[in-house]
Amino acid sequence: MASNNVAQFAAELKMPAGVLLEQLQAAGVQKASEDDALSETDKARLLDHLRKSHGATDGDKRKITLTRKHTSEIKQSDATGKARTIQVEVRKKRTFVKRDDVAEGAEQGQAQVAEADDDAELKRREEEARREAELLEQQAQELLERQERLEREEAERRAREEAAEAERRRAEEEAAAKRAAAEAAAAQQAAAQQAAEAKQEAPGAQSAQEEARAAAERAAQREAAKKAEDAAREAADKARAEQEEIRKRREAAEAEARAIREMMNTPRKAVVKAVEPPKPVEAPKPAEAKGTLHKPAKPAGAGVQARPAVKKPAGATPATTQAPAAGAGDRNKKPGGGKGGWQDDAAKRRGIKTRGDSSGGVDRGWRGGPKGRGRHQDSASTFQAPTEPIVREVHVPETISVADLAHKMSIKASEVIKVMMKMGQMVTINQVLDQETAMIVVEELGHRAVAAKLDDPEALLVEGETSSDAEQLPRPPVVTVMGHVDHGKTSLLDHIRRAKVAAGEAGGITQHIGAYHVETPRGVITFLDTPGHEAFTAMRARGAKATDIVVLVVAADDGVMPQTKEAIAHAKAGGVPIVVAINKIDKPEANPDRVKQELVAEGVVPEEYGGDSPFVPVSAKTGAGIDDLLENVLLQAEVLELKAPVEAPAKGIVIEAKLDKGKGPVATILVQSGTLNRGDIVLAGSAYGRVRAMLDENGKPTKEAGPSIPVEIQGLSEVPGAGEEVIVLPDERKAREIALFRQGKFRDVKLAKQQAAKLESMLEQMGEGEVQNLPLIIKADVQGSQEALVQSLLKLSTDEVRVQIVHSAVGGISENDVNLATASKAVIIGFNTRADAQARKLAEANGIDIRYYNIIYDAVDEVKAAMSGMLAPEKREVITGMVEVRQVFKVPKIGTVAGCMVTDGIVKRSSSVRVLRNNVVIFTGELESLKRFKDDVKEVKQGFECGMSVKNFNDIVEGDQFEVFEVTEVARTL
């Protein structure tokens, strides 16, 4: 829905309308209320304003770097006088910075906006510019007034201070003059006294008195002049200090005004300037004599790394910071006016900086250290052992590889392997350990092991499952029809649904689990039809898990059978009520009373006997008793008070899953609570995806499915496992994360189980000798059939012949399956699937046997026959005759020959023989020769004499008996 006003746009952005109005006004879009119309231009201006306020800039390149390389050759004589040619490569790099990008971009943007906007937009912008100019002018005027006020106040204060200072100086001068006059009067008085005394003493003393008076006057004048000079100096210092303070205040005010103007003119974005680390001060290089070949001596302390430069104070001027840099640049210049020789290249090579070396390559090498320090005493590379061991807390998941476990403990994987070898287990670096073993290894290495499930997204899924506030409404019951094979379950459902499903099933037996919902006058019922064959145990267990009521179908002419007992066990395990339907009552041999007695023996007691299970006689053929059965089912549902939320995310269970060649993974699910809509994101085990299509049991598209409704969905990432829980999530990213986690967890657990079973299987094979394997690849149409067929074939394994399932999956037979069969020498079994054209050609070329079946009986019987052919044949002995020794002859180079009489049966040349003496077997072997007179014969019959010799046996005496027998091989069966 397009947003036409401010309120709709705020609802679309999921934010308050008041906040949106403030942002629009900040962007210059004048909107007064939530009902004002909003155009695309207004939205574009708001977006541009938000981008600028968050610091978004264009990513165009602003500088170009050009690198030039020039190669030349110079000739230099070495110490021996030979001329050497040296390649000199000069590289120059120049960077051009485009500084007017911002201005050009602003001009282009203004030009484009000016062309695109209408007259009203131009007037509005002019008004905004005028207001901004007035605001800036007002701020500048206020700043000027503030400066003038400060200057006026400063001038008045300075005038007051100057007047006070002048008054103080005048008072000091008057006091000094008074003191000088007093001193002069005292001096005159003293001089007068001295003159009087001098007159009395000598007439020549008058001249001395005058000189003393003149000296006193000069001293007084010097004292007064010195005091006046000190006062003038103090006044000048005060005036300079006041002027400096006024100048600083003026500069601060100007800086503040400049900052305000920049803030008003620049967009609101903050660019944090990266703080450059202080560069270490390089020691000055000694001047090298040009043309010298020897290595100049190092000055004292050259090997010591220079201390880092002291940080500059905040108020340092640029002049003070640039002077040392300029000096350093002068010191780093090459001698000889910048023309470098080959000795400069050697110095560069010596000064190359390596990783971890901050000294610029100085003193590198095992001879480079200062005097008194060896090559192993370098402080930069000396290893210091930790003072105490570090004990880490290691979180051990359910499965972890040796490499990951070592990484968690911050040690090498070889250390973990050593510990495992000491514990008697040989492991590799990629081997997966179970949680218990890994925790033992962690404790053995001195760390603390904690069993934890880290980064488990399923924990977040469980935490997110809160009690739904949706209203609990009545839902239809889910009824599972169970019973023995051929007892009429599907036929009963066909009569209820007015359909004919049983006629279309191979062999007349159900091999898939089916889900249907039927609308009756009293309400809706959802039926699950489960297979009755013994191979489909897991499928029946899934049906009992997802059901509310079990309808147990028992044939009146057959009674309780093994799968009937199993269905009763499934229903009791799930705590599900049972409604017994005694089917085929229209047959003459039907005996419902016998069925009731057999069911009572299994713990299912009818209501007429005081139990809680209703028994309903029905006939799927004539339809008798169907209405009573449905009424009993709905009555049980009313007693259970089945309720589920409707307006909530859907939850359910996978009834069946398959891989369709055109549709991809398809899953039949039963919604248990909530409503499943087309487009929802679902998670089913390790599969996830968006519901692209949703079909009901009749193959018709539907948009939603409520509680207890079975639907077929498409759009999953892979075929989910039958029986997996289905849940609707709001975020596809979260669904993918949980699905990938489940896949990895399943793979790790599977690898751990395989690793644990390797040794056991190896010991079993060593104890049992050679075991024949029948490798099979199974492809089925749906998940349940594939699971049932695999379990049925694995049950055929014996101690001598084992069924090895190389691969089993859902879908058609592809080239990958044929290639896998070629590598593993396996037979491919397709259950209700076929191979495509490429797979058939590849199978014919490689001689791979592909067998197709649509009835599980046939597949099991043929695999059983193939296994029988692989059994070692049974050897049986058949006694063909008895011979009595009459005379013994010693023949040179031949040995002992017995003259015999055939007393019973027949003696053949290829037969084996036992030598009996006093009816005790003393030797078993083969005949070496059989003669009659001097001729070799093939056989001698009863009543004839013959000569016989036994291979490798000469201890024959008269009276011995030879028992002649043959060994025949008899084929065995399973």
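Cβ atoms are placed via backbone N, Cα and C, with glycine included.
Ranges compared are 483-490, 699-706, and Swiss-Prot records region 'G1' for 483-490.
Which of 465-468, 529-532, 661-664, 909-912 counts as region 'G3' depends on Swiss-Prot, and there it is 529-532. In the three-state DSSP assignment, the secondary structure recorded for Lys489 (GTP binding site) is helix. Across the region 'G3' (529-532), the model assigns an average pLDDT of 62.
Highest local Cβ density among the binding-site residues Gly483, Ile585 belongs to Gly483, counted as other Cβ atoms within 10 Å over all protein chains shown.
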